[in-house]
Amino acid sequence: AVAAESSTGTWTTVWTDGLTSLDRYKGRCYHIEPVAGEDNQWICYVAYPLDLFEEGSVTNMFTSIVGNVFGFKALRALRLEDLRIPPTYSKTFQGPPHGIQVERDKLNKYGRPLLGCTIKPKLGLSAKNYGRACYECLRGGLDFTKDDENVNSQPFMRWRDRFVFCAEAIYKSQAETGEIKGHYLNATAGTCEEMIKRAVFARELGVPIVMHDYLTGGFTANTTLRHYCRDNGLLLHIHRAMHAVIDRQKNHGMHFRVLAKALRMSGGDHIHSGTVVGKLEGEREMTLGFVDLLRDDFIEKDRARGIFFTQDWVSMPGVIPVASGGIHVWHMPALTEIFGDDSVLQFGGGTLGHPWGNAPGQAANRVALEACVQARNEGRDLAREGNEIIRAACKWSPELAAACEVWKAIKFEFEPVDTID
């Protein structure tokens, strides 16, 4: 029923079935296996002919595969765990605007994760105070600051004012530090036309990156913005706001690895991926599975990490995963070990909550990161020696020592809801 409803079938036989080749176009369920440890749950493998899908359209792909079938009365629950995108179809998508290597070349930063910070409070600041917070963070050692996902154009801070003050913060901090800086200017808007207008203004200001909420904004809007960013040299940061409504429950919806694959096809240079160690949901092996699906060219099937199919992206550029949500300096060794160099480690409260202010908060994060990268390059085990490495760095960084004292007892030890088992 699932295969039929998402391809050529309906609830009854219709006379127009005779006007086409149903055998050519229908979806086929080719394998069924029980879910281990569960009664009345099965994993079904369904294959669809490529001719059912419009080239280069994530919107059409999802409309077909996860359309009406999820509302069937006959089904108590239904979840899309994974998709295999054949190279023949993935080559019809242009993917990320630039990709990992081009971004590194634009920023001239290599050999370490990038550092970011979400400006808090996320709502309520005036544009001038918002820009001031960005400046203090960027001059303290950050690579990026960020609009939160729901910062668009509200009465207390209109988008054009925010863009101008953030651009000023970028240029001042670049002049002071000699490093290339950026701020994720959220271009998400109520219409595609308004979204592109905001991206155009960001380009005119000369900033390096804009941002989009790809699930609330929609895949059509996201792909539209991706094309503009590629044509105009802007990096594109993607926030996944609303994803947990879709992916968090184990028995209904779809897994985030599917949304991650869809984003890589639709286009984005960064996407939030969870942290494993922070405040947001995410089991380690499962998170690393879809992080590899975002970054790597070829990923082998590995059910232990939740990867149901071998995926070959051919020449499609990779996406940088962003670890963000409830992280602080004590998490730095684990984050460096888990995510590696091609990642963005984004500290919001873990920067702005520093007792001495924003710039010292960023200095603490930068020192902690540099210490972890140096220790890793020397062959030390970050998982086992992480706390020792951070304590040693505190001896020559009073900013880091103060941060460690503030957050020494902050932990988020909750069992994940969505697990591989």
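Note: Cβ is positioned from N, Cα and C throughout, glycine not excepted.
According to Swiss-Prot:
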- N68, T118, K122, R240, H272, S324: substrate binding site (BINDING)
- K120: active site, proton acceptor (ACT_SITE)
- K146, D148, E149: Mg(2+) binding site (BINDING)
- K146: N6-carboxylysine (MOD_RES)
- H239: active site, proton acceptor (ACT_SITE)
- K279: site 'Transition state stabilizer' (SITE)
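Across the residues the record lists as binding substrate (N68, T118, K122, R240, H272, S324), the two Cα atoms farthest apart are 37 Å from each other. Here the Cα atom of H272 (substrate binding site) is found 12 Å from that of K146 (Mg(2+) binding site). For E149 (Mg(2+) binding site), the same-chain residues that are 6 or more apart in sequence and have a Cβ closer than 8 Å to its Cβ are N186, T188, D213, T216, H239, A241. In sequence order, T118, I119, K122, D147, N150, V151, Y184, N186, M211, H239 are the residues of the same chain, not among K146, D148, E149, whose CB sits within 8 A of the CB centroid for the Mg(2+) site. Looking only at the binding-site residues K122, K146, R240, H272, the densest Cβ neighbourhood within 10 Å occurs at K146. Long-range Cβ neighbours of D148 (Mg(2+) binding site) (same chain, at least 6 residues apart, Cβ-Cβ under 8 Å): T118, I119, K120, K122, L123, N186.
Ranked by Cβ neighbours within 10 A across all protein chains shown, the active-site residues K120, H239 are led by H239. Across the binding-site residues listed here (N68, T118), the residue whose Cβ sits among the most other Cβ atoms within 10 Å is T118. K122 (substrate binding site) falls within neither a helix nor a strand when secondary structure is assigned with DSSP, and so counts as coil. Note: the CA-CA distance between S324 (substrate binding site) and K146 (Mg(2+) binding site) rounds to 11 Å.
The distance from the Cα of K146 (Mg(2+) binding site) to the Cα of N68 (substrate binding site) comes to 37 Å. Its Cβ taken as reference, S324 (substrate binding site) is surrounded by 24 other Cβ atoms within 10 Å in the chains shown.
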